[in-house]
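*Asks:* Here's the feature list from Swiss-Prot:
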| type | residues | note |
| --- | --- | --- |
| BINDING | His23, His25, His207, Asp292 | Zn(2+) binding site |
| BINDING | His25, Asn27, His73, Ser105, Thr106, Pro107, Arg108, Asp147, Gly180, Glu210, Asp292, Asp293 | N(6)-methyl-AMP binding site |
| ACT_SITE | Glu210 | active site, proton donor |
| SITE | His231 | site 'Important for catalytic activity' |
Amino acid sequence: MEAGQQWPGKTDFYLQLPKVELHAHLNGSISSSTMKKLIAKKPHLNVHGHMTMIDKGKKRTLQECFQMFQVIHQLTTSAEDILMVTKDVIKEFADDGVKYLELRSTPREENATGMTRKTYVESVLEGIKQCKQENLDIDVRYLMAIDRRGGPTIARETVELAKEFFLSTENTVLGLDLSGDPTIGQANDFLEPLLEAKKAGLKLALHLAEIPNREKENQMLLSLLPDRIGHGTFLSASEAGALDQVDFVRQHQIPLELCLTSNIKSQTVPSYDQHHFGFWYSIAHPSVICTDDKGVFATYLSQEYQLAAETFNLTPFQVWDLSYESINYIFACDNTRSELRKRWTHLKQKVLNCNEVNYF
């Protein structure tokens, strides 16, 4: 079964389903329409669509995926670019029925345009603010990402930025993400800044166990007791030490952000039916369906829910509960959770009635 395959009559249910998106990288979420605008602004780069998106039925290695992000970064080099991208991405998630979104992105500096890490962050926040002023039906927050390639020095600078904006943005900046090429850098380099962030009250969403044979690193990052885990693909593998990590994650009920199409197209998981969502869902572990990079992987959250439901034979009520329970794992405050639950409850009958007409 390929991502993008349509099931006639069922699509409305997944689109109308209210959803929470907790693992979405800003630059990886740029749609083809926004990408065309960026490419038109920089024709000298000679970038084409296939260099920034993996089409239906195609796959790349994880390393090739990270190379694609380098191409995308060449297109988003100014504060104006970041503002436009942020607004477009938010609007597209809203159009897909996402009611709460935590966007993550690494603050970057670009000497050629004068963009600093701080103005990068300010551009993301301005995009969030403008979408709110336009009364879009979506609540958006921001997680600052530490890219492993930057090393410990830039990690510390990012933590300082996050602390500054955490205090000044009225709960818009909520936490930190550790991401980037998992083969670069040592986890030990990031423990101190991440711990400092945690002490300051910032939440931690850490990419963890994306690739095999990283038991020692996984243990180090788990020692921080992250608030959520991104991917966790090889936590459930039967390699030495991995079983202990599964038990640790289960005992501490650390929610997992699971991105099916991303893992298939980057070839860290061989097929949808072998995706580790099946294992974690079967033991009722806190799990959230996410897109990761909806632009690069040519997907959207409604489609990811549909893929999970079709692959693992979930009933419409199980799909609803999966979405509803994801509210528990957001980084915003209890009041926000309460408001979201009210919205879900208000929409429930309408969405499930739509399902009764179209699903079977």
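The first residue you see is number 1, and the count goes up from there.
Using the three backbone atoms N, Cα and C, a Cβ is placed for every residue, glycine included.
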*Asks:* What are the sequence-distant neighbours of Thr106 (N(6)-methyl-AMP binding site), meaning same chain, six or more residues apart, C-beta distance under 8 angstroms?
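*Replies:* Result: Met144, Ala145, Ile146, Asp147, Gly150, Thr158, Ser179, Gly180.
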*Asks:* If you count CB neighbours within 10 Å, which one among the binding-site residues His23, His73, Arg108, His207 has the smallest count?
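*Replies:* Least crowded of the binding-site residues His23, His73, Arg108, His207, by Cβ count within 10 Å, is His73.
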*Asks:* Take the C-alpha atoms of His73 (N(6)-methyl-AMP binding site) and Asp292 (Zn(2+) binding site) and report the distance between them in angstrom, rounded.
*Replies:* 16
*Asks:* Any same-chain residues 6+ apart from His231 (site 'Important for catalytic activity') with CB under 8 Å of its CB? Would you list them in sequence order, or say none?
*Replies:* His207, Leu208, Ala209, Glu210, Leu256, Glu257, Leu258, Cys259, Asn263, Thr268
*Asks:* Specify the count of other C-beta atoms within 10 Å of the C-beta of Glu210 (active site, proton donor).
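*Replies:* There are 20 of them.
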*Asks:* Per DSSP, Thr106 (N(6)-methyl-AMP binding site) is which: helix, strand or coil?
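*Replies:* Coil, per DSSP.
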*Asks:* What residues, ordered by sequence, lie under 8 A Cβ-to-Cβ from His25 (Zn(2+) binding site) and sit at least six positions away in the same chain?
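*Replies:* When sequence neighbours closer than 6 are ignored, His25 (Zn(2+) binding site) has Arg104, Ser105, Ala145, Ser179, Asp292, Asp293 within Cβ distance under 8 Å.
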*Asks:* Work out how many Å separate His23 (Zn(2+) binding site) and Arg108 (N(6)-methyl-AMP binding site) at their Cα atoms, rounded off.
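*Replies:* Pair distance, Cα basis, whole Å: 19 Å.
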*Asks:* Out of Gly180, Asp292, which of the binding-site residues has the smallest number of neighbouring Cβ atoms within 10 Å?
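*Replies:* Per-residue Cβ counts within 10 Å for the binding-site residues Gly180, Asp292 bottom out at Gly180.
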*Asks:* According to DSSP, which of helix, strand or coil covers Glu210 (active site, proton donor)?
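*Replies:* Once the DSSP labels are grouped into three classes, Glu210 (active site, proton donor) ends up as coil.
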*Asks:* What does DSSP say about Asp292 (Zn(2+) binding site): helix, strand or coil?
*Replies:* strand
